[in-house]
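Copied from Swiss-Prot, the annotated features are:
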| type | residues | note |
| --- | --- | --- |
| DOMAIN | 3-166 | domain 'EngA-type G 1' |
| BINDING | 9-16, 56-60, 118-121 | GTP 1 binding site |
| DOMAIN | 199-372 | domain 'EngA-type G 2' |
| BINDING | 205-212, 252-256, 317-320 | GTP 2 binding site |
| DOMAIN | 373-457 | domain 'KH-like' |
| REGION | 469-488 | region 'Disordered' |
| COMPBIAS | 473-488 | compositional bias 'Basic residues' |
Amino acid sequence: MIPVVALVGRPNVGKSTLFNRLTRTRDALVADFPGLTRDRKYGRAFLSGYEFIVVDTGGIDGTEEGIETKMAEQSLAAIEEADVVLFMTDARAGLTAADLSIAQHLRSREKTTFVVANKVDGIDADSACAEFWSLGLGEVYQMAASQGRGVTNMIEYALTPYAEAMGIERQGEEEVVDERQYTEEEAEAEQKRLQDLPIKLAIIGKPNVGKSTLTNRILGEERVVVYDEPGTTRDSIYIPMEREGREYVIIDTAGVRRRSKVHQVIEKFSVIKTLKAVEDANVVLLIIDAREGVAEQDLGLLGFALNAGRALVIAVNKWDGIDQGIKDRVKSELDRRLGFIDFARIHFISALHGTGVGHLFESIEEAYDSATRRVSTSMLTRIMQMSQDDHQPPLVNGRRVKLKYAHVGGYNPPIVVIHGNQVSRLPDSYKRYMMNYFRRSLKVVGTPIQLRFQEGDNPFENKTEKLTMSQERRRKRALSHIKDRKTK
């Protein structure tokens with residue numbers, strides 16, 4: 001399970017600065033999907049060998065009243081569901097009453113917490129940070145987030161004990177940067193392994209779109225409502241099921257509910273819980289409310305799924321009972337706002353009455369099969385060559401970019417690794433052209449496809465050829481001639 005790191009602290013202590021620095025390495029993954037809305041409070045990061053979710057909680061002013069206000073509820077929920085809390089303070093401003101109040105709340109929750117004294121650049125850090133020991137939360141870690149000082153060490157301190165306890169293997173940087181080149185036998189074995197496993201299906205969507213109703217309809221039984229009790233809010237509910245001879249695991253992000261102050265049962269919406277479900281799923285089923293159309297929150301959830309590279313199916317729920325004019329307007333909006341994910345199947349359903357629900361699984365299986373289909377190196381290289389024949393790569397400094405061969409780099413999502421010369425100079429427009437070419441050629445449906453480009457090793461790079469004696473004499477004569485012309 002991917003760990004969650006929550007950034008907690010009063011305003012203006014540098015939470016957003018640290019968040020941006022931690023998540024910067026992941027921005028490129030979203031850049032391939034123009035029109036996508038990014039949520040600046042939640043992100044995926046990779047640093048010091050660990051992949052993790054980082055949350056900028058915000059919204060806590062540190063006062064007792066503020067801690068209890070409704071505005072802080074989402075921030076407090078993020079703290080509850082985080083695995084590690086980084087309590088950020090301002091070393092320049094010193095210890096404040098707000099810091100003391102936040103520390104008191106964190107102590108009461110018994111969360112794994114690390115005190116971070118930020119903005120230590122240009123001051124006597126040891127003296128400035130000494131008073132933060134009085135918070136009673138253990139060692140104080142010094143950091144200058146704006147410059148990146150202390151960030152890597154902090155993540156190592158925070159995540160290593162958690163990872164060891166959970167059995168999470170630490171990855172080397174090279175394992176993330178360089179995709180593996182499968183042999184034909186390894187590719188076939190990996191594809192068979194994935195095909196034999198149950199399909200993990202995460203049902204996600206904003207509150208009240210009908211996730212629970214759809215889950216009950218799929219399972220054919222009414223689920224027992226689960227109320228919040230200690231230990232029940234952390235993870236989604238995993239429900240095994242079998243349909244037409246194929247095994248599934250439904251990841252129910254709507255399984256945990258709570259009572260509001262007026263004793264109404266309302267769905268508890270947790271972005272963190274949704275993020276974890278998406279990370280663990282093979283296929284994501286995004287539910288959209290037909291009566292509300294495509295909301296910004298829908299695009300944010302869609303971004304999580306695309307960021308994780310998951311296969312995707314979209315279901316527009318509550319389709320029954322609305323007139324044709326509204327249906328036409330919704331379809332037009334879907335074409336306009338979701339045109340950048342034309343690879344995903346869209347279904348119009350009624351979870352309450354069961355209309356169209358059966359056809360969802362046809363697209364779910366199709367998406368998973370596309371995401372785990374094995375393609376040989378020779379086939380990928382042939383498609384790559386055909387794309388070059390149809391549209392040549394551009395010239396870079398007078399030399400044309402040369403693509404040599406392609407191979408499988410991974411499954412779910414399917415990753416194609418392309419080797420060549422000057423591939424780092426390829427414009428994004430040509431990369432998108434190649435991605436669409438591979439998608440059409442492979443008939444990939446329901447899953448994003450990722451292209452990774454690797455430079456061919458140049459044996460003469462960073463090497464200078466030693467001149468012969470005659471070449472050295474000619475060089476000296478030429479330099480002497482140039483010098484004489486300048487003096488004249």
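Cβ atoms here come from the backbone N, Cα and C positions, even for glycine.
Cα separation, Gly205 (GTP 2 binding site) to Asn12 (GTP 1 binding site), rounded: 32 Å.
With Lys15 (GTP 1 binding site) as the anchor, the candidate binding-site residues are Asn208, Lys211, Thr253, Trp319, and the one with the nearest CA is Thr253. Per-residue confidence over the domain 'EngA-type G 1' (3-166) averages 76 (mean pLDDT, predicted model).
With Val120 (GTP 1 binding site) as the anchor, the candidate binding-site residues are Asn208, Lys211, Thr253, Trp319, and the one with the nearest CA is Thr253. Thr57 (GTP 1 binding site) is 23 Å away from Asn208 (GTP 2 binding site) when you measure Cα to Cα. For Thr57 (GTP 1 binding site), the spatially nearest entry among the binding-site residues Lys211, Thr253, Trp319 is Thr253, judged by CA separation. Among the binding-site residues Asn12, Thr57, Asn208, Thr253, the residue whose Cβ has the fewest other Cβ atoms within 10 Å is Asn12. Asn12 (GTP 1 binding site) sits 37 Å from Lys211 (GTP 2 binding site), taking the C-alpha atoms as the reference points. Break the domain 'KH-like' (373-457) down by DSSP state and the numbers are 32 helix, 26 strand, 27 coil.
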